[in-house]
């Protein structure tokens, strides 16, 4: 069966850059990787095809040979080049699927989300959390063996991986004899069935520092899942989710809030009290204050969890229209409104005057 064109395999043009090749290979490998498609022979074949195509096209010398001679360039061998390290591309996405020593493995990382009120996030808090996880089997002490005896795998010699030669390419894959463990267990533990780990719940006390924000993560080293065969456990990542607050909205270390005032307060000026994180504060509103005016209270925001500097509190004035008026109040407002009649009204409502002038100018242009 003839091989497909390497560029076609990765879905890129022949002018593709090194970065384009890397992105295309990453998409292809993640789609067809055997760990995501267990038992799917077609996916495994597609994965190998993608890997072979990338190893050639990502190497400058090999790509030049391929562009000139096609697949025939490699029928009798090919010179060595700077073939990219697959581990550099994927890191830990598939747990070093392309190689690496068995001793470098560790347990899986665990994620946990904790919800806080804004006040808790600002001040810091200590929380007790309970997480489902895999822990070391106490019956076999993590060995997976009922009698504690394990044999080094003779196929991979304890590495958990075997080297496969496919033409000019050498690949590492999980040892089929020991399943990647590097050891053979003849008498599996009756409690964990040879896994060396059992499901359990772990209770931890997590100290959340003052100033954390929505999406911040706290890493607890070694508190993740216990690794197989006694290898170190992974880490626990506690992600912070801050609930919406009825008064404040947070923007980094700054806080924002709306301060409702009456029309009379905005027109005549007044002193209003506003809530802050550490009590009340006063804002002096000058006469003729418009809705939307911002007042800044320095240092009344959130103390940064990283720099220990404090943000500010921004208070936005909202001039409220009075509701549920009495007959007397309505009469007074009607009398007040009459005082704005005529040309003098423009000087009392500059924004309205500007708006009306703009509307008139617009219609004049439309009808001219």
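Quick reminder: no glycine exception, Cβ is built from N, Cα and C everywhere.
Straight from Swiss-Prot, the features:
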- 137, 140, 189, 192: Zn(2+) 1 binding site (BINDING)
- 153, 156, 175, 178: Zn(2+) 2 binding site (BINDING)
- 5-70: domain 'J' (DOMAIN)
- 137-144: repeat 'CXXCXGXG motif' (REPEAT)
- 153-160: repeat 'CXXCXGXG motif' (REPEAT)
- 175-182: repeat 'CXXCXGXG motif' (REPEAT)
- 189-196: repeat 'CXXCXGXG motif' (REPEAT)
- 124-201: zinc finger (ZN_FING)
In the chain carrying residue 153 (Zn(2+) 2 binding site), residues 6 or more apart in sequence that have Cβ under 8 angstroms from it: 160, 175, 177, 178, 181, 182, 183, 184
Set of same-chain residues at least 6 away whose C-beta sits under 8 angstroms from residue 156 (Zn(2+) 2 binding site): 162, 175, 177, 178, 182
Greatest C-beta neighbour count within 10 angstroms, which of the binding-site residues 137, 140: 140
Touch test for the repeat 'CXXCXGXG motif' (189-196) and the repeat 'CXXCXGXG motif' (153-160), at least 3 Cβ pairs under 8 Å: no
Residue 178 (Zn(2+) 2 binding site), number of other Cβ atoms within 10 Å: 23
Cβ atoms near residue 175 (Zn(2+) 2 binding site) (within 10 Å, other residues, all chains): 20
Cβ within 8 Å of the mean position of the Cβ atoms of 137, 140, 189, 192: remaining residues of the chain near Zn(2+) 1: 139, 141, 142, 143, 144, 145, 146, 188, 190, 191, 193, 194, 195, 196, 197, 198
Cβ-Cβ neighbours of residue 189 (Zn(2+) 1 binding site) (radius 10 Å): 22
Additional residues surrounding Zn(2+) 2, by Cβ distance to the 153, 156, 175, 178 centre under 8 Å: 154, 155, 157, 158, 159, 160, 161, 162, 176, 177, 179, 180, 181, 182, 183, 184
Rounded mean pLDDT for the residues that make up the repeat 'CXXCXGXG motif' (175-182): 83
DSSP-derived class (H/G/I helix, E/B strand, else coil) of residue 189 (Zn(2+) 1 binding site): coil
Distant-in-sequence Cβ neighbours of residue 192 (Zn(2+) 1 binding site), under 8 Å, six or more positions away: 137, 139, 140, 144, 198
